[in-house]
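Per TrEMBL, the features are:
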- 20-173: domain 'Glutaminyl-tRNA synthetase class Ib non-specific RNA-binding' (DOMAIN)
- 177-251: domain 'Glutaminyl-tRNA synthetase class Ib non-specific RNA-binding' (DOMAIN)
- 193-230: region 'Disordered' (REGION)
- 272-577: domain 'Glutamyl/glutaminyl-tRNA synthetase class Ib catalytic' (DOMAIN)
- 580-684: domain 'Glutamyl/glutaminyl-tRNA synthetase class Ib anti-codon binding' (DOMAIN)
- 694-771: domain 'tRNA synthetases class I (E and Q) anti-codon binding' (DOMAIN)
Amino acid sequence: MATASGGDKGPPAATPPPQLESFLAIGLDQRTAENALANRKVTANLTAVIAEAGVTRCDKSVGNLLYTVATKYPANALVHRPDLIKYILSEKIKSSAQLDAALSFLSTLGPDSLDPVKFEEACGVGIFVSFEEIQSTVTDVLNENMEAIVEQRYRINVGSLCGQVRKRQPWGDAKSVKEEIEKRLVEILGPKTEADNAKPMKKKKEKPAKVEEEKTVSAPPSEEELNPYSIFPQPEENFKVHTEIFFSDGNIWRAHNSKSILEKHLKVTGGKVMTRFPPEPNGYLHIGHAKAMFIDFGLAKERNGHCYLRFDDTNPEAEKKEYIDHIQEIVTWMGWEPYKVTYTSDYFQDLYELAICLIQKGLAYVDHQTPEEIKEYREKKMNSPWRDRPIEESLKLFEDMRHGLIAEGKATLRMKQDMQNDNKNMADLIAYRIKFTPHPHAGDKWFIYPSYDYAHCLVDSLENITHSLCTLEFDIRRPSYYWLLVALGQYQPYVWEYSRLNISNNVMSKRKLNRLVTDKWVDGWDDPRLLTLAGLRRRGVSSTAINSFIRGMGITRSDNSLIRMERLEYHIREELNTVAPRALVVLHPLKVVITNLDYGTIISLDAKMWPNAPDSDASAHYKVPFSRTLYIEQSDFRLKDSKDFYGLAPGKSVLLRHAFPIKCTEVVYGDNPDSIVEIRAEYDSSKATKPKGVLHWVAEPSPGVEPLKVEVRLFEKLFLSENPAELEDWLGDLNPQSKEVIKGAYAVPSLANAMLGDKFQFERLGYFSVDSDSTPEALVFNRTVTLKDSYGKAGPK
């Protein structure tokens, strides 16, 4: 072939994807085929339909029907799709009307047995409508609409006329019906006139009369906002296909409950919703688990069902009694009551027997590959050398594993799934491994332990869970979850995934949290800087504030985005504003002597615990001593005043909260000009002075006696970056100023009786809670949250 000389030849033409060629080969036009390829779900469905049809090329009419099957087929009846395709290929179903009727029939039928007689009757198989019958029906419809035809002429709705014919002749050829109607309209009306071809004049919309004041009506809340659990189906609806499991050889399993299995399940549960909260007891729970609890326990509560607390205890090396006790205690603190507390280890015997059944079915085998070899073979999509060993041999070896006769690491039981599958979670997952480690709940009875991938779905089934709810990273495990249940003929729960909860400037991985605790980067699992639920509780956050935060985000599938810490803090402030009484505390005291108040004089003042309480309500007040010696914050005094400074300065007046205005008259220095040891001031007993600045303060309760001394701990974000989990050196991102301990703070006398769990607003400083390190003689307060967020937005006062 001759080629042009000189210049660039340009890049070679791109080879079209094989799916596009396949779609075009069944008669789809270019645009439809490309649109199908742009939608991953349509691509997968259409590829599967073509494979089931077993055709590489067909007429356009058949191809269009196959495309409709791929895009509109009801998911609850996928078991019958191959039968429908046979009807299309044999041209027993050859019109879109017939196909629509077939799809409607199958969606109602679901996975139940297909009665061919009823099916064929429902979609007009074998019915032939002659052209004469079409002509006769068209005549009847046109006569009935003649008045409108004469009045509207060619602007009559032809689609409506076609629809009236279809109602009487549902299996008539739609194209013939339309052509006949258009032909007859010309016969009745004659050729189109200029008036028929003219575009109709658009009527101008009348502007509504202006009203003096428009009121904005907000849209009513959606059903999901009113009830976030409304997205979940009822247990009796669990007969639809959960997922299609695609195999590399073109085989497809359609996971769904048969009618008999679902009826048996509903009989056991009484039709109630059954959920489970299944933490692994290998660490303390964090705020992400609060979202899981809200969904698992909340759905069961909303539907008047039950939720198990199930410990997923398949790894004895990482699990501790300490974690089990903590989880039970924290679930109760979060406001949830389990239906039963169970353990995956409660089902070890059932799981073992099901594993034997799996081997007997030829769907599991004992393997001797090392972890490194398993990884290599998976990457290369190669079968294990032991994959096809005889069933009896695997049964004998599995029994030896059970009795501790094979060393750790020398054998595993693997499920015989599909090593060539593009989904790595179908690559012969491990069902059992050998561990000579006593179990914290099951004791030393077992030498083999099931994997999560093997045990989780089976225990869901054994406990008759209706809704198996998990985070989005488990979405890719759906095929293996249902593969095992289908393989063993077990009841299949409804699985639904939701987005993980990730909050800025924190890590949520248990592995990373464990590293922080174990390597003593923080002060234990309940360190108030952590977003463990124990840490949040110690910091002074309530379970109701956490649940309010979770509810505010919703529980739908989302993009797994990062939630800003300020959003959680907002909900904390909203609650504390209503439950935390006010008190006066000075963190960094600066001594102030009131020179015009006699030594020994103590004035008892009333201070409000609640800003909006009436003055007449004695229960809403506490007593504050005002004496000659008092203390303000060091940061509330400057030698040089400025317009934007509302604190105290030489010659300047400020108002002491709940007390009197004072005016600075003298500054007493220490050994150098930078060291201020005392401020001298005069107070205005008449309160005639009206300064702008208002300061918090604490006074000596009696002459020469220090105010109540307390320890205060201030917490900032634990990490400097918004998303430290993405950093390779995430520990290097720890905030060195995340914790400040102030041992010499002064407080009003009323705080002396504060007890563990008590919460206060220290005026102008933030919300604080009594820490567990407190003793009656030495109180410790944790700052729960500031009065403003990190952007300076004021919270409630």
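A Cβ is built for glycine as well, from the same backbone N, Cα and C atoms used for every other residue.
Contact between the domain 'tRNA synthetases class I (E and Q) anti-codon binding' (694-771) and the domain 'Glutaminyl-tRNA synthetase class Ib non-specific RNA-binding' (20-173) is not supported, since fewer than 3 Cβ pairs fall under 8 Å when only residues 6 or more apart in sequence are counted. Secondary structure counts, DSSP: the domain 'tRNA synthetases class I (E and Q) anti-codon binding' (694-771) has 12 helix, 32 strand, 34 coil. Taken together, the residues in the domain 'tRNA synthetases class I (E and Q) anti-codon binding' (694-771) have a mean pLDDT of 95 on the 0 to 100 scale. Counting residues per DSSP class in helix, strand and coil order gives 6 helix, 52 strand, 47 coil for the domain 'Glutamyl/glutaminyl-tRNA synthetase class Ib anti-codon binding' (580-684).
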